[in-house]
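Listed in TrEMBL:
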- HIS236: active site, proton acceptor (ACT_SITE)
- ARG45, LYS144: NADP(+) binding site (BINDING)
- HIS174, LYS178, GLU212, ASP231, LYS336, LYS341: substrate binding site (BINDING)
- 9-183: domain 'Glucose-6-phosphate dehydrogenase NAD-binding' (DOMAIN)
- 185-479: domain 'Glucose-6-phosphate dehydrogenase C-terminal' (DOMAIN)
Amino acid sequence: MSTSCDMLVFGGTGDLALHKLIPALYHLHRDRRLNPDVRILALARQELDRDAYLALAERHCRAQVAQADFQSETWRDFAQRLDYFPLDATQRSEFVRLAHHLGQQDGRIRVHYLATAPRLFRDIASHLESAGLAGQASRIVLEKPIGHSLDSALEINEAIGQVFAESRIYRIDHYLGKETVQNLMALRFANALFEPIWRAGHIEHVQISVSETLGIENRGGYYDQAGAMRDMLQNHLLQLLCLIAMEAPGRFDAKSVRGEKVKVLEALKPITGMDVLDKTVRGQYTAGRIGGHDVPAYYFEKNVDNDSDTETFVAVQAEVDNWRWAGVPFYLRTGKRLAKKSSEIVLTFKPVPHMLFQNGQVNRLVIRLQPEESISLQLMAKAPGKGMQLEPVELDLNLAQAFHQTRRWEAYERLLLDVIEGDSTLFMRRDEVEAAWHWVDPILKGWQEHYRKPRPYPAGSDGPEQAHQLLERKGFRWWQ
Ligand code: BG6
């Protein structure tokens, strides 16, 4: 059971709070993992009273939580922890009001979760400080994206760092809270099998694909300014790349794990000049069909400019310039409104040095993060019958089945508990975020300098043709 604390959710009426944070806290409550004394205070500008907020939160929670896991009685019990406080985060005086509302409680842990636009981070941190709400027992959680460029990320980190010590700042990347993502570390560092071949001499190339069927829902205003590069690649995909490419940390703790990840980010080969055109592909969805429904083109989505050139798809050929990975391409791609929802990492091994059989292929390790969590190793085997007819077969490990799992923990459940317990291993350190921006910034600038409209792709397809060509040039194909 967790430590007790006050959890303040700024942006309490936003998508993130209602779709992810409140349902995650509900699950923690239902599974009796939250200390009975944990209080949750949602804050936002809207003038709602407590009952109106509870009704709003319940409606969303019902929609997000599986039917079998939602019980009205449990909700009523959970709702006793929940309160709402209208607050304009740009006004210092409002935080004084907040401090009065919370009362003085020396030593009690206070988690300030900023589920707001990054432009409010600086104001909120400084107002918390002046209202006496940023003391030693307080922590701050920042949602990605931290800024929209290296400069803005530096500014945010600097401003937050003036108020909170780095050890009390939790920069969340919810991909790190996913069970399978943590399993990547178990796979690599708890099994002797893979380590000797986990390197350039044996691995031909790596693919990291995160595809979504969802569009941008109600987030047009944010997304149109961000695009797939800032929304997904700069954080989630680069974090996955780090876990695949990092060296074994000395210990499984925040300092060692994050230290190894930063080294990977710093070793990423810069993509600059005309390479930006050769090694990256931007796409934008046009009208199409997904799951039997017609969906509109991106530029017809709510709060999106009609002539928007924001990318809803991005593919990049990256390289990690170090001894382990020199020369191995890492292909990253992510997009909205694609044919299926899936996140997969595929390591393709080099062919055997001398092939005895006609139809030999290569070995692949396929790590599926979602929808189902599994790890499978593609091996070549002889098909039954006459002759040496080879076919790929899969050695499959379904993690949910292996552990007789009834319900998968949502990433936010794990991460919220970690914040309450003060464990920052699965959060991004300041230098990690900055190193990621350091690599992404020249690509964003290159896109402006050598302007090209994003490549159109129909909703429900697997992205623009140019993303396939990126691999075909080297004789590879995206794993289907
Ligand atoms: C978020 C992005 O960080 O991750 C969203 O802002 C995206 O645009 C989401 O849809 C994807 O997360 P998941 O866990 O559904 O893969």
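Note: Cβ is positioned from N, Cα and C throughout, glycine not excepted.
Overlay of TrEMBL annotations on the structure.
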{"residue": "ARG45", "record": "NADP(+) binding site", "DSSP class": "coil"}
{"residue": "LYS144", "record": "NADP(+) binding site", "DSSP class": "coil"}
{"residue": "HIS174", "record": "substrate binding site", "DSSP class": "helix"}
{"residue": "GLU212", "record": "substrate binding site", "DSSP class": "coil"}
{"residue": "ASP231", "record": "substrate binding site", "DSSP class": "helix"}
{"residue": "HIS236", "record": "active site, proton acceptor", "DSSP class": "helix"}
{"residue": "LYS336", "record": "substrate binding site", "DSSP class": "coil"}
{"residue": "LYS341", "record": "substrate binding site", "DSSP class": "coil"}
In Å, how large is the greatest distance between any two Cα atoms among HIS174, LYS178, GLU212, ASP231, LYS336, LYS341, the listed binders of substrate?
-> 20
Distance-selected binding-site residues near ligand 1 (C-beta under 6 Å), from ARG45, LYS178, LYS336, LYS341 | none
Measure from the Cβ of LYS178 (substrate binding site) and count the other Cβ atoms within 10 Å, all protein chains considered.
-> 23
Specify the nearest of the binding-site residues LYS178, GLU212, LYS336, LYS341 to LYS144 (NADP(+) binding site), where nearness means the distance between Cα atoms.
-> LYS178
Across all protein chains in the structure, which of the binding-site residues GLU212, ASP231 has the highest Cβ count within 10 Å?
-> ASP231
Min neighbour Cβ count (10 Å) across recorded positions HIS236, LYS341 flags LYS341
Do you see any of the binding-site residues ARG45, HIS174, LYS178, LYS336, LYS341 whose C-alpha is within 10 Å of HIS236 (active site, proton acceptor), and which ones?
-> HIS174
Within the same chain, the residues at least 6 apart in sequence whose Cβ is under 8 angstroms from that of HIS174 (substrate binding site) are LYS20, HIS236, ALA411, TYR412, LEU415
Do you know which of the binding-site residues ARG45, LYS144, LYS336 has the most other C-beta atoms within 10 angstroms of its C-beta?
-> LYS336
Can you figure out which of LYS178, GLU212, ASP231, LYS336, LYS341 (the binding-site residues) comes closest in space to ARG45 (NADP(+) binding site), comparing Cα atoms?
-> ASP231
Model confidence over the domain 'Glucose-6-phosphate dehydrogenase C-terminal' (185-479), as mean pLDDT, sits at 94
